[in-house]
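Quick look at what Swiss-Prot lists:
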TRANSMEM  2-22  transmembrane segment
TRANSMEM  43-63  transmembrane segment
TRANSMEM  83-103  transmembrane segment
TRANSMEM  111-131  transmembrane segment
TRANSMEM  161-181  transmembrane segment
TRANSMEM  186-206  transmembrane segment
TRANSMEM  225-245  transmembrane segment
TRANSMEM  255-275  transmembrane segment
Amino acid sequence: MLDIFKAIILGIIEGVTEFLPISSTGHLYLADYIIKLDQPTSFINMFMVVIQLGAILSVIVIYFNKLNPFAPSKSKREKGQTWQIWFKVIAAVLPSIIIGLPLNDWLEENMTSWQVISATLIIYGILFIVLENYYAKRQPSLTDLNKMSNKTALLIGCFQVLSMIPGTSRSGATILGAMLIGSSRYVATEFSFFLAIPTMFGASLLKLVKFFKAGHVFVGNQLAILLVGMVVSFIVAYLSIKFLLKYVQTHDFKPFGWYRIVLGIIVTICGLVFA
């Protein structure tokens, strides 16, 4: 029963942090020091990734009509624009498949230390602050997602590959990359949400396949723990997405940059004390 309660807390953390540019992985690893699940390491490692399925579903629910090319209420032109969004998403996910997939095992084995997580949290926090200072003096060249080219989408996808390093933040890397290319905060944020669907589904599926292929099965209340975490992450992520979409219309990402730096320092302290 205690693990169910811990799964609720971890689901809240995942839901809050998955789409904010502050690294869900960094938060989950930090939480693991404090409220570690009383489960085998193999299950915990799988749980930390697959729990994000709940967060992905929140994107689908919020954007179901916009991302549905078969919606009867849409005109032929609108359906065409929806297909174009999916073509851009496919273009953006290609770098993760071509570059990221072959490196996945190596990254899991060599880049999950607290040193790496704290470093990426701090580095990308600084980058967000620097970018916003630069961005404040210029107007974005891309303010409409429908006008984004497949080439631009592909470049954003290249930035997403960087997020395979724990602590980077998938949303952080893609939003940062999109803004560097010239996207408005809103377009960068929204496209990051869309790109999360195939990327996170793929990552979760890969983790599950590895889990079962290694001979593991769900025992005891493990399935319940996973499902509870996913449901909670869905609810909280839904609220987080709504918040961020409203936030970026009138605010910048500097607070998230500073937050990342502080969190990176906390992870460093925890690593030195508890590792």
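Just so you know, glycine gets a Cβ as well, placed from its N, Cα and C.
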Long-range Cβ neighbours of the transmembrane segment (2-22) (under 8 Å; 6 or more residues past either end): 28, 31, 35-39, 47, 51-52, 54-55, 58-59, 124, 128, 169, 171-172, 175-176, 192-193, 196, 221, 224-226, 228-241, 244, 253, 256, 259-260, 263
Selection from 43-63, 83-103, 111-131, 225-245, 255-275, the stretch that has most Cβ pairs under 8 A to the transmembrane segment (161-181): 111-131
Range from 43-63, 83-103, 186-206, 255-275 with the greatest count of C-beta pairs under 8 A to the transmembrane segment (111-131): 255-275
Positions whose Cβ lies under 8 angstroms from the transmembrane segment (186-206), at least six residues beyond its ends: 18-19, 49-50, 52-53, 55-56, 59-60, 63, 67, 85, 88-90, 92-93, 96-97, 101, 104, 140, 142-145, 148, 153, 156-157, 160, 170-171, 174-175, 178-179, 241, 244-245, 248-249
